[in-house]
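Asker: Taken from TrEMBL, the feature transmembrane segment covers 30-52, 72-92, 98-115, 127-146, 158-177, 210-230, 236-255, 275-293.
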Amino acid sequence: MLAFMQLLFRYAFLKQQNIPLALSDWQYGLLVLSTVLLAAAGYVINNIYDVATDTINKPQDVVIGKGISETAAYNIYIGLNITGVALGFVLSNIILRPGFASLFILIASLLYFYATTLKQIMILGNFVVALLLSVSVLIIGVFDLFPAVNSENQAQMASFFSILTDYALFAFMINFIREIVKDIEDVNGDYNQGMNTLPIAIGISRAAKIAVGFAVIAFILCLLYINLYFFQNNLFIATFYAFAFVLAPLLYFIVKIVSAKSNKDYHHLSTVLKLILFFGILSILVITLNIKYNA
């Protein structure tokens with residue numbers, strides 16, 4: 001999903017515009033590879049610290065200690081992190097922005113602290129995961145747009161960065177809601193491990209209501225955005241797409257979570273949110289094609 005998202009924004013959107021980009025194709029490949037490696041490292045370290053919880057919540061998915069030893073998992077984690085940060089350092093120096101390398105170190109650090117500490121803290125862990133996904137969108141603008149800005153194209157580049165920011169906010173909102181739903185799904189294992197997630201702190205019913213509240217806010221914001229930027233600009237294909245593949249599933253989620261009871265229900269709703277995120281990101285391709293063939 002992460003690599004797909006970054007490649008989509010580059011080749012289905014930015015490369016279709018008449019703007020200079022800072023990175024060549026192979027350099028952009030380094031950016032994608034670096035972020036994917038760091039995300040993979042985060043996944044590994046999270047699995048290491050989640051063995052006890054997953055043994056209760058998802059015993060069939062536990063790999064550490066079964067298919068692979070904990071020592072080997074730590075070695076994989078270290079290798080992925082070193083490679084990801086090193087690629088980020090190389091890329092930052094290629095574009096003559098060595099300070100940008102700190103962003104990769106920050107991502108790796110946040111993923112580590114999430115796995116070891118932050119995910120046990122109510123709301124904060126959800127916020128960090130959602131933030132990191134949105135950063136993977138913003139990092140495209142930081143590396144591919146910002147270094148190519150000059151006095152002549154500043155306004156144009158700002159508008160494209162603004163679009164990336166809009167998608168980053170969308171990714172943040174949907175993923176934040178999904179993290180709450182996943183916490184509800186995993187409440188038994190998390191409780192046994194002494195975590196203080198939202199459903200443990202205030203109860204499953206109240207946590208679900210908070211997820212509904214955020215989903216309603218996301219629905220309204222998406223509706224306003226679609227009307228303002230799609231419908232009023234005669235992008236009718238993009239408007240239909242957004243209604244069918246983003247708003248309708250989001251409304252379905254809002255209705256269904258009210259009556260959700262079992263882990264199976266919450267797992268289904270988590271999958272629905274994942275699909276909303278996927279189709280929401282894919283809309284950038286639909287918009288690009290709609291503009292191209294409307295012109």
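Please read every residue number as a count from 1 along the shown chain.
Each residue, glycine too, has its Cβ placed from N, Cα and C.
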Asker: What residues in the same chain, six or more past the boundaries of the transmembrane segment (158-177), come closer than 8 Å to it by Cβ-Cβ distance?
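Answerer: Sequence-distant neighbours of the transmembrane segment (158-177): 9, 13-14, 17, 19, 126-127, 129-131, 133-135, 137-138, 140-141, 145-146, 211, 214-215, 217-218, 221-222, 225, 273, 276-277, 280-281, 284.
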Asker: Mind checking which residues of the chain, 6+ beyond the ends of the transmembrane segment (72-92), have their Cβ under 8 Å from one of its Cβ atoms?
Answerer: 23, 27, 30-31, 33-38, 40-41, 44-45, 47-48, 64, 98-101, 103-105, 108, 143
Asker: Give residue numbers and ranges for long-range contacts of the transmembrane segment (127-146): same chain, 6 or more residues beyond its ends, CB-CB under 8 A.
Answerer: 2, 5-6, 9-10, 14, 19, 21-23, 28, 31, 35, 39, 42, 91, 95, 100, 103, 107, 110-111, 113-114, 118-119, 157, 160-161, 164-165, 167-169, 171-173, 175-176, 179
Asker: Which residues of the same chain, at least 6 past either end of the transmembrane segment (98-115), have a Cβ under 8 Å from a Cβ in it?
Answerer: 34-35, 38-39, 41-42, 45-46, 48-50, 81, 84-85, 87-89, 91-92, 125, 128-129, 131-132, 135, 139, 142-143
